[in-house]
């Protein structure tokens, strides 16, 4: 029995290792490419161990040759704004969908999911003309709005499922104690669904952080670019400084990775919340 | 002053009527128990009193004020839920203080962030702090104030729920089957604690339960309900000694009241084909009421299984079940001689009557006996409507 169990653990560990290698290799390659001078990239003596002596140099070049830090700041504003606005609206919408009966509730729920059925590329032309009329082109908060529109439905779904698990008695008890709907949402629901809220925060944050299509279409002014468009702009018609592209990619990945690590524990709890009783 | 007046109260969900035409007046400081089987509408009734469920028609008054349109908070009530509904993310202290904190909230305190700040400030206010300490002390919760509800036992959670309800000193206390999640021993202890609380705070209590023992031991008044209709309203003694109908008679009392379907024949009552000896007087009363058949009710403790003597009524029977409980013996019998009934499967419990004999009596199963009872132990019910008949 013990032998079989050890074997099963061994096989599982091996499988996990293969998965880690598959997932980790692109990251390793990104670091390796960033540390290799462009000339060496196409030579036959490609390095396997990154040359970390170039670390400081490449980031210096990145920061001095391009407004990358500013773009990174813009990305943080757009992703942060998207997260805050999405969660605020999603909390209110999810509460209403979870606890109230009203005409058109089914239709409204369907409407939220319908937004996910259409590819973003399909909506870009109508959205562009709408943003032009509203004067939202070239504005970061315009990006926040459009990202929120696409990120919020997922958050609503996630939060509504979590709110459905909050016992009615807790809400009723709060009403007897003198809470109004807004207080119940703040004082009872939000602390009780915190794991799902963290999961929704991560999902909406990455939606805003990684978004490229709308950012490249709606923002023309270089100063208002976000990091994803800035990074893509390094790719030239005739030459591409690959070390710069990849060092930018490293810098672009780090804040997102930190945010994810901070939220990770809660996300796991959030994604599995309600799946098992108790 | 918080008397309660139900005036033709009804509740329906679409075509489904849950409570119809409920009227009663409950005096101030009464301990009213709403008693009935599951699904009889008693919890709905309590929720209507609390303002958690809308009233379809009729009026509900607290004192002289109609409260139909008031919110739960405006009604100044406390509600103890079956599941306790403690706030799991708050400490016991914050749970108990919550109603008091909300009482001190102004409208702008309901705004985000500001509210959180105010709650923690109010929790530290000396008068609120003192009140929490006093309430916790009264319910022996002082040692647990900094714990979360999940770190408490069932009985402690129950006490936190009670503490949260009494801290605001409401006009009416509402309890929705608060003891049903506790084990038998703890339930007995909490019964005593809630009764003591009623004696101490001297306020109107409305208590919902399906447990007749809770109703009989705690209530000063009981409303027995079935299928949304009030069956009887009275003191525990009245309900036990003079049940208004067959439903109340069988619902109150353990084992339930024995009901014999009796027919008048040759100037005597017959249960099936078995004559009831010495029943000539009762037979005449039944005929005088214009009936030929009647439901004859006798409480289990009023039945003896000894040989008939004097003017006791008696029916031939045989024993089927003997339960020795130490202080008393419950004997299940069926009318007729041994072997006259089908006594396997469902048939074994159908038509079974119970006698409750004091002490540790030795009975053997499947032996002949006689059910005996005194004339004044008899209750008569109309076999069709189930209503009590007064000869």
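Using the three backbone atoms N, Cα and C, a Cβ is placed for every residue, glycine included.
Predicted automatically and left uncurated, TrEMBL annotations should be read as such.
Just so it is clear, the model here is predicted, and its values are computed rather than measured.
Among the ranges A:49-68, A:109-128, the one that TrEMBL lists as transmembrane segment is A:109-128. Sequence-distant contacts of the transmembrane segment (A:109-128) (same chain, six or more residues past either end, CB-CB distance under 8 Å): 93, 97, 137, 146, 149-150, 152-154, 156-157, 213-214, 217-218. Counting residues 6+ beyond its ends, the transmembrane segment (A:76-97) has Cβ neighbours under 8 Å at 105, 108-109, 112, 140-141, 143-145, 147-148, 151-152, 155-156, 158-160, 162-163, 181, 185, 189-190, 197, 200-201, 204-209, 211, 215, 226, 255 in the same chain.
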